[in-house]
C-alpha cells in the first residue's frame, strides 16, 4: 500500500544498509486490519461515486447530444418514419363503407341509375357454401337496378324505390341487357407500347440491362395512345400495365383505369390521374423466365446464355436486395433503441434495389412471366430461398402439368395463372400447351385468369379469351370471374373492383348480348360512375337470344372436350339441330333435333332416318348423341404458314424465309405436326399456305400449296389439292421496307415490271438446244412462267397488303397491265391466241386488307376479293392504322363495309394459332353483321369464299383420291349462347 512506503533515504556514502526485516519495527496486528478495512471502504465509496457521476453524465450527454453536424435531424426523423413504412405489409384497400370513390372529384358527375338490367354481381346468392359456389351452384343473372353516386355503386336492388333515387340522377334504361363489372386485364402493355408501332414511341422494355427492378412502366405511359380508348370499347375498365419480358427483372407495373382526361371524367391528362388506386396501396413488379432474356442479353460476354445464367442473375439480384433489407432493418433497430440523435449515418437507401427490396418485404405483388416446367420450378425455388410470394405466373403454358410445384410457392398462397385461351406454338416455350388449361387449372384448385398481353392480343376482345375458356370446359361463373373478380382479387383490389356490389368502384359495362357469347360488345361503359361514350353505336343483333326470365341460370360448359378428333367413314348422329350444306339447309323445329346418317363418308340421310339407323346399328355402326350439333362444310385455313412451319420462333422447325427467292410451297411441306392436328381438330381440314417472305408468318412470296391437314406426308393420297400450285403470292406491306434502300415505290414498281416483262414474252417457250442458263436465270424463268399463268387468268395474283394506299396502287397496276395485255392480245397471231387463250384480266386477291374498306367500291369494280387476316385488324402497324374497331366506337367494321360494297370476302389467319378460332370469326361476322349474312354465308367466309378468291375450282375441292372422296364436312357441338350459327 502507498502509505506503508516511506520516502527513500537520502544517498550518503556513509549510510548503512537498512536493517533486516526481522529487526524492523512492526505495527500491532489489530492496527493493520483496521487500516485495510478503511482503505477498502474508501475505494468502494470512490467507485460508487464514480459510477453515479458517470451515469448522470451519460444521461445528460444523451439528452443533449446532437447528431453529427453533417447529418440533418429532419432527414433522420424522416428515415425513422420510413422504418415504420418498411415494416408494414399492405392490406387490400377497403371498398364497402366508403362515402366516395378515392378517385372521385368533389362536384363531379351526377348520380346515375341504371334500370332494368340483367345483373351479374360476381358473387353467388347469399348462403351458398364455398364448395357449392366453386362447383357452380348459386350463380345467376337477375333483373334489377344499380344506383351510382360519388363514383361508387351505392345500391343494387331488384327495383329501386323512387324515394331512394336522387332527384338529379341520370336514368339509363338497360332494356334488359346484361350488366357486369368492368373487365380487368391483368397483363397489358397499352400506353407503353402505343399503336401504331413506331420506334420513337415504344417504351416496353428497358433492355440496357437484364436486371432492372428500378424501371417503372408509368414513366413511359402515354395517355394519348389510341388503343387505350379502343380497349375500353371492349368493356375493359382497368389494366395492369407491365414492362416487357426482355429482362429477367423488368421493373414496376402500374394498375390504371381507362379514363383519360376531362372528357372521361378525370381532372387532368396524365398517367398519374389514371392510377386505379391513387394511394398505391400495392405495388407490382414484372419478372420473366426463360427464352426472352437469353435471346436479348445472352452472348459470350454477357449473361444469361442459359437458364443457369438466369437463375444466377435472379439469385444475385435477390441477394443484393436482401442485403439492403438487412442493412435497413439493422439501422431501424438501432435507431429505435438509441434514438435518431445517436445515429452517425442516414438510413441505407439504394434506388437500384429499393423496389426489389420491397418485393422481399411482401409489399409488391410479383408477376412472373414463365412458360415451362423448369422455369416455373426455378422461380418457385427462388421464392422459397429468399422468402417472397409470387402473386401470378403469366403465360404459364405448362402450369397445368405441375400443380404440386405451384402449391410449394413461398407464403402459402399459390400463384394465379394469367394465361391465353389458345394462343400457342409461336415459340418453343409455347409449343406444349392446351386450350383446356383453364379448366384443368380450375379443377386443380388454382385460379385461371385470361389476359391479352396487349398488343399481342387485342385487349378490346380479352373477354373472348374467357369465352373460349368456357367453350373448352371452364365453368361459366369461373370463366366470367377470370376477367373480373379473379384478376381484381389477385391485384389486391378485390374490395373495389370486379363486382356489382355496394361500396365497389362504379366500373360497369352494359352488353348487347351475353359477354361470353361470340361478338359480344358493350353498349355503354362507366368508369368511376362516368359514362365513357357520348353516342355509342349499338349493334342490331337479330340472332341474339332474348331473355324473358328475371333470373337466368348460366349455360353449362360442353360436357365433353375432345382432345383428338376421330375420322370415321360410317357414323350416326343424333341431336343435330342445323344442317348447312350445299344440297341441304335444314333446321330442326324448336325443341326438336335431326338424325344424320353417314355411310362411306357421304351423307345418306337427314331427318328421322329410322330405316338407315336400324340397318347401320345392326351393322355395328357407332352412334354419337349431341346436345346441339351443327353439320356443315369444313373450314380452310389461309394466310399463315400451316404445313410449312411448326414453331414460329424456331427457324429450324420451318421451311424458312424467302425475301429474295421465288419458291414453290409444295417443295417445302412439313406435315404431321401439332398445328395441323389442332387445325383438323377444329374442323379446318384444308389449308392453303405460301412460302414466308420475311418478318411474321403472314408475309408471302412464291406459289401457295393446298394441303389436307390430316395428311402425314405430301405423298399421302389426296394430301395436296389445287394441282400443287394454288396462287402466286407477293407481299407489299410494311415488311418490304426492311432497309434504308427499300421503298414501296421500288416494290410496286418491281411487280409492275415483272408482270409487263412476263406479258411481253408471254408466248415464247425455251427452244430445244438453247444455251443452258444458271440457277438465278432458271428461278427468274420459273417465276416468269407463273406470272404468265397469272396474265392468262389461270392463276390468282395474291398480294399481302394492309394499307388502303397500297391496295389502290395494286389496283392501278392491275388496270395498267390488263390494258397492255388487251392491246397485246389484239396484236397477237392466231397461233399465240390458240396456245394461251384470251385473258379476261388479272385475277387478283388481297390478303390482310386492314384498310380495305377505304377502297371497297374500287375492289368491287375490279372484282378483287379480300381475305381479311385477321377478321378485325387492331391497327398494330402504320400501314394498318386506319382499321375500324367496331361498336361502340364505329358503325361496323371492315367486313361490313366490304360486304355492303359487294366485295367477295373471306377470313384468314394472321398467325397459325388462330386456326382454332376460324369458326368463332365466322360467328362474329354473323352475329355483328346486322343481318347481312345467313348462317351458311357466314360459314362460307372460312370455306367456299376463300377457295373461290384464290381460284380453287369446285372440282378441285374434292379430288378423286381416297382422302378426298370422304367429303369435307364436320359435325360440331355448338353452345347456343356461344355461337348463333
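Positions of Cβ are set from backbone N, Cα and C atoms, glycine also.
The compositional bias 'Pro residues' feature in Swiss-Prot is assigned to 7-21.
The annotation compositional bias 'Basic residues' is assigned in Swiss-Prot to 24-36.
The Zn(2+) binding site annotation in Swiss-Prot covers 187, 189. Secondary structure at residue 187 (Zn(2+) binding site), as computed by DSSP, is strand.
Feature annotation from Swiss-Prot assigns Fe(2+) binding site to 187, 189; the stated evidence is similarity to another entry. In sequence order, 240, 242, 367, 394, 418, 451, 452, 453, 454 are the residues of the chain that are 6 or more apart from residue 187 (Zn(2+) binding site) and have a CB within less than 8 Å of its CB.
In sequence order, 414 make up the list of same-chain residues 6 or more apart from residue 407 (N-linked glycosylation site) whose Cβ falls under 8 Å from its Cβ. The N-linked glycosylation site annotation in Swiss-Prot covers 407 (among others).
Positions annotated as compositional bias 'Low complexity' by Swiss-Prot: 823-835.
For residue 891 (N-linked glycosylation site), the same-chain residues lying six or more positions away in sequence with a CB closer than 8 A to its CB are 537. Annotated N-linked glycosylation site per Swiss-Prot: 891 (among others), in sequence order.
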